[in-house]
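Peer 1: The following feature annotations were taken from TrEMBL:
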DOMAIN    96-502  domain 'Major facilitator superfamily (MFS) profile'
TRANSMEM  96-115  transmembrane segment
TRANSMEM  142-160  transmembrane segment
TRANSMEM  172-195  transmembrane segment
TRANSMEM  272-292  transmembrane segment
TRANSMEM  321-341  transmembrane segment
TRANSMEM  361-381  transmembrane segment
TRANSMEM  388-407  transmembrane segment
TRANSMEM  413-437  transmembrane segment
TRANSMEM  449-469  transmembrane segment
TRANSMEM  475-498  transmembrane segment
Amino acid sequence: MNECAENRNKIALKTFPRCRCYANAAWRHVTRLARHMTRRPRLTRFPPHPKQADMAADYGERRSLLGEEHEDPLADGQAARGPGRPMSAICDPGHLLHRVVVLVFMCFLGFGSYFCYDNPAALQTQVLQDLNLNTAKFMQLYAWYSWPNVVLCFFGGFLLDRVFGIRLGTIIFSLFVCVGQVIFASGALLNHFWLMEVGRFVFGIGGESLAVAQNTYAVNWFKGKELNLVFGLQLSMARLGSTVNMNIMGWVYSKVADLVGSPGHTTLGASLMIASVTCLFSLICALVLGFLDKRAEKILQKEEGKTGEVIKLTDVKDFPLPLWLIFLICVGYYVAIFPFIGLGQLFFIEKFNFSPAEARAVNSIVYIISAPASPVLGFMVDKVGRNVVWVITAVVTTLAAHMMLAFTFWNPWIAMSLLGVSYSLLACALWPMVAFVVPEHQLGTAYGFMQSIQNLGLALIAMAAGAILDNKGYLVLEVFFCACICVALVAAVMLYFVDYVRGGDLNLSASARAKLQKEATSDADNVDMSPWVDVGVADCGLTFTTSVGQLSASRILNKTADKCTTTVLCLSMETTGSCHNIGLWLCGAWMRL
């Protein structure tokens, strides 16, 4: 029967050859109709009302997150994820609440590093007595922290970008900080000073690079005006870590001594081991940040953040004279700040008869003032301009504070408060000037070199300060610090006159700099871009005006080598992409310095 049916079908198809075509056409029509009926209705899009467009633009600026400025804000992350159940606000990487959670972990990422950096200063008396050290050996604990950063300042960003990636790199550097602190505490516990030096060296490998990673996360998650607040909060958290360390470690040591029964290297090691808990907490923050960043990358389909750092040692030969003067100011100033804080506790105990708790409190006032003062003074410098004048003011104030501490018995709170204000003011005025005197492609090298020679100076002066204190006492040590400040003052005055003679813009007011930028931008609109072809960036001599998180550059260059005048300007950028290194090195320096 089946064979008969098949034969009939074959005969029918041969007899009616069009039947198969009609059947296929009917089937295609039915399937097309079914797809059309099950398709979601397509909504007609009309142009938005102007007010709605303005509101959307403002909302996008407030909700901006990862990505470049030309991209849509990540508030519509649901569209990037595709259809599905909407996430809660705290779980949505495009929502403000989620970014606030990320910011909390971001701020605590460096808390352990800053807390443990000044552990030797907070326990100066205990370290000297329990380990039977002289001051020269004590200051080697700070020197060993600085030695690795003489080199790592050039390569930390490269390792984050090209080798580890921001997430793995942050975890690795946090691990270095944690392991270094544990080794440091173990050395005290076992009464092996060489092991403590090894611990500080390992701690230093992770400390500075972790600050760069922290700023990379900030640039990756926030942009535009948000960066000012984010960097300010990170700076305040760094100062909070240093302040808490100065005021709590003595109390921790006394409690451990009560439990152990007597002070000694065992008590010291146990106290330092307790301090390492803060580093472990920062490591946990690094792990959580890595998870959140990876999750946001998958959901929002964004690339992993990079520092954008470009380091070329050959650029050093092209550095102008004003930049070398800035380097000299940096070294001369900071070597009179950090070694003094490291040795300050005994100074206040011996000269002013303070109790250990009072000595620690007055010694920490520099960090306490710096936490709220840095953002305020930075805003003031941005609005007023005159960076060189502010630098000279800060150096003179610091010199006056050191002279008060050296030659008078006035209440040291006055001098230390002046020192805290001037310390914050110099950081706000000095570090942005690097971007005024070198082109953008050399900024990574300039800031890296600046931090490198600063760490070299800190390492050498720390050991020299310890030797001076052992042999000559605190009076000669204060005179030595005053001499270092005088070197910075001479360099600052020279910078003022060199900039004046060269017609530079380091000391321009904010209004004059804005006017110059406006004129330069208007001229750039009328300039044919074709003459730019043969003009390299290195030949342009661009100068920059900068604020934390945003960089803009403008300058009119008269190039007479070929008897022609070439107008070169118009550079305005956010701290994203190739210019991350500007914001990262600048803000990383502010946080540590």
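Heads up, the Cβ atoms here are built off N, Cα and C, so glycines get one too.
Annotations in TrEMBL come from automatic prediction, not curation.
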Peer 1: Check the transmembrane segment (475-498) against the transmembrane segment (321-341) for contact, please; criterion is three or more CB pairs under 8 Å, pairs 6 or more apart in sequence.
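Peer 2: Judged by the Cβ rule, the two regions touch, with the required three close pairs present.
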Peer 1: Would you confirm whether the transmembrane segment (321-341) and the transmembrane segment (96-115) meet the contact rule of 3 or more C-beta pairs below 8 angstroms, pairs 6 or more apart in sequence?
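Peer 2: Counting Cβ pairs under 8 Å, fewer than 3, so no.
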Peer 1: How about the transmembrane segment (272-292) with the transmembrane segment (361-381) - do they touch, taking at least 3 C-beta pairs under 8 Å (6 or more apart in sequence) as contact?
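Peer 2: These two segments do not touch.
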Peer 1: What average pLDDT is reported by the model for the domain 'Major facilitator superfamily (MFS) profile' (96-502)?
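Peer 2: Residues in the domain 'Major facilitator superfamily (MFS) profile' (96-502) carry a mean pLDDT of 88 in this prediction.
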